[in-house]
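Asker: Dropping the structure in here first, questions after.
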Amino acid sequence: MPHLFIDIFDVNQLFSSLIGGILYSFGISFLLPTFVIILVKEKEDRIVRMMKMHGLSSTVYYFTHYLHFYILYIITSAFLIVTGYFLKLTFFTLTDPWLIVILFFIWGHIQIAMAFLLSTFFKRSRNALVITFVIVLCSVIFAFGIELVNTPLNGNSSPLFYFVWPPFAFYRAMSIINHSSFLVDLLPMKLSDLQPGNEVFNAVTALTIEYFILMCLTIYYYLVIPSEYGVNKSWNFICSQLFAQPLRFITPTALEAGKYVNGDEDVINERKNVLSDQYSDKPLLVKNITKIYNNGKVAAKNIAFAAEYGTIFGLLGPNGAGKTTLINVLTGLYKQTEGDATLNGLSISTSINDIYRDIGVCPQLDILWDNLTVEEHLLFYARIRGIPLSKERDAVYSSLKEAQLLSLKSKLAENLNNRERRRLSIAIALVGDPAIIFLDEPTTGLDPESRRQIWKIIVGSGKKLSSINNNSNENITSKNNRTIILATHSMEEAEVLCNRIGIMSRGTLRCIGAPSRLKQLYGRGFRLNFSCKNENLEKATVYIETLLPLSAKKLYSFATKVSYEFEARPGFLSKIFKEVERDKEENGIDNWGLSQTSLEEVFLNVIGEIDTEIEYILNE
Ligand SMILES: Nc1ncnc2c1ncn2[C@@H]1O[C@H](COP(=O)(O)OP(=O)(O)OP(=O)(O)O)[C@@H](O)[C@H]1O
C-alpha cells in the first residue's frame, strides 16, 4: 500500500493517504452535524412552534431549511473543489468534472436527508452534536479502515450491502475515483464509465435510492415520533387512516372507575351536549380532551365544553390546574392523549395546520425577538399567516391600533417594559383578524393599572375587525365576532371579562356556566356587613339579627365590624335595604352594606369541595 506513506510535498499522495483522505472526507461530511444541530435547536425553541401556531406552513418551513442547507453545502463543496484544483489534486484535475458534480450533487442531498432523519431522534442539541459528530467520524475512519483491506489496487469490489450506509457508498466512490486518477495502472474516470457493474455506478445508484428511502423515513418519523411540542400521529396512522374509525373518547364511567373526580351536573350536561353534536355550530368544541405527559402526569382529564361566537370564555383554576396544558393542546403545541376538539369545524387531530390560520395565541411567556421592532414583529407574523402583501400594512396597523401600540411601533422589543411586551404579544395574537384567540394569563405579573389597560384591549378585541367594519350593530354572538379563551387564576379578571367560565382543578373541569350561575350554585348567597361604635354594638346586632332569616350565619364580629351570610328570597333584599336605611341611625349603625358572593368565594368553595372529595377518595 504505497499510498500509506506520505510524502508531504506530494499533495496527490497526501490526499490519497489515510490521514489526508480522512481529513478530506471529514471536510466534505462535517456539515451533517451542523444541519442536525440547527434542526434540533429549533425543536428546543418554542419560537418555531409559536410561528407555526400563527400559520407558518410546515412545508414552507422545511423547504426553506432544505434550501438553506443546500446553499451552505454548495458553498462548502465549491471551496473544497477549488482548493483541490489549486493544490493540483489529480482527483479534480484528471477526473471527468461531470462525475464529480454528480457525486457531490447527490452527497449534498443525502447529507440533508440524513440530518432531517437524525434530528427526529434528538431532543437536545448538545446530545445531537456529540452523537452526530461521532457517527461521522466513525463512518470516515471505518470506511478508510475497510479501504486498507479492500483497496482498489487489489481489484476487489465491495459487496453491495456495504453501500447500505450512505457514507460508506460515498467514501468508496471517492476512493475509486481518486485511485483511478493517480495510479499509473488505472485510467482517470470518465462519465461514460458509470455503467452497471462499475463500483462508482453502484455507489451512485445506492445513494440515489437511499436518498428517497431516507426522505420517506424522515417524513414518517416527523409525523409519529412524540416531541415535547406538536401534534404527532400514531405509528400506524397510514393503516388507521385507510380503515378510519370514529375517535375514541374516555367515557365518564371509565374516568370514575379510575377514581378521577368529575365535574358537577352542568359539566356533565355540557359534555352530553358536546358529544351528541347538539353544539356542532359552535366555533370551539372541546370533546373529552385528556392529556397525560410522558412522565405520567395527568394534566387534563376528560375536558368537554363549547364556546360561543363573540364570547370570552374564562378557564379558571389555581396553579397546576391544567389550563395551559389545555390551551397548548387546543393550539396544537401538545398532542392530546385522548379525545378531540374542533375549531371552526376543523379537528385538531387532523387539520391543525389549517386551524393555525384562523387562531391567535398569546402565550403565558412573551416570545419575542429583542432586536426587532414592534412593527417588524407584526409584519413578520402577518407574512407567515399568509396575509396578501397588499393587505399586510393594514393588518399590522389594525392590530397595532387594537393593542394601543401605534406610538411604540418603531421601538425595539428589548426596550419595551413588561406591560408593552404583553401588549405586543396580544397584538401578535390579533394580527390577521383571527376568529378564535387564546390568551394564557395575559395579565400575570402586571400592576393593577396595566392589568386594566390590557382588560380594555381584551374586551375591545372580542369584536372581529371585519364585523366592526361591516356592521357595528352586529349581535354579540354573530359569527363575525371573535371567541376568546382566557386562562387566568385571577377571579377579578374572570368576573370583569368573561361571559362564561369553566373552573378547573387538578386537570378536571369542575363547574361551568355564566358567572351569575356559578354564584347561584356555589356562592353562599349574600352578605350583610355593618360597623358601629362599641357602645352600640349589642343594640345594632340585635336589630340586624331580627331582620335576617333565622338561617343567617354570623361570619365574624371583629371589634365594631360584623358580617352575616344569608340566602335571600325574591323581594327580601329590597325590603331589608329600605328598613336598614330607615332605622340605621336609631339603632346606632354607622356604615352598612349588602353584597353578593364574589367569584373569589365561588372559586374557594369549588376548590375546597374538590380537596375534600379527593381526600375522601384517597382514604376510601
Ligand atoms: N411538559 C410537562 N411535562 C410534565 N408535566 C407537566 C408539563 N407541563 C405541565 N406539567 C404539569 O401538568 C400540570 C398542569 O400544568 P399547567 O401548566 O397546565 O397548569 P396551569 O393551570 O396552566 O398552571 P399555571 O397557572 O401555573 O400555568 C402541573 O402539575 C404541571 O406540573
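Placed from the backbone N, Cα and C atoms, the Cβ positions cover glycine too.
Note that the coordinates shown come from a computational prediction; the quantities given were computed from them, not determined experimentally.
In case it helps, TrEMBL gives these features for our protein:
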TRANSMEM  14-40  transmembrane segment
TRANSMEM  60-86  transmembrane segment
TRANSMEM  98-122  transmembrane segment
TRANSMEM  129-149  transmembrane segment
TRANSMEM  169-188  transmembrane segment
TRANSMEM  200-223  transmembrane segment
DOMAIN    284-531  domain 'ABC transporter'
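Could you tell me the structural context for the features on the list?
Answerer: With a cut-off of 8 Å between Cβ atoms, the residues of this chain six or more beyond the transmembrane segment (60-86) that come close are 15, 24, 27-28, 31, 34-35, 38-39, 48, 51-52, 92-93, 100, 104, 107-109, 111-112, 115-116.
Within its own chain, the transmembrane segment (200-223) has Cβ neighbours under 8 Å at 99, 102-103, 106-107, 109-110, 113-114, 116-117, 120-121, 160, 163-164, 166, 169-170, 172-173, 176-177, 189, 193-194, 232-233, 237, counting only residues six or more beyond its boundaries.
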Asker: Using a Cβ cut-off of under 8 Å, list the residues of the same chain at least 6 residues beyond the transmembrane segment (169-188) that approach it.
Answerer: 3, 12-13, 15-16, 21, 25, 28, 90-91, 93-96, 99-100, 103, 107, 110, 139-140, 143-144, 147, 151-153, 158, 162-163, 199-200, 202-204, 206-207, 210
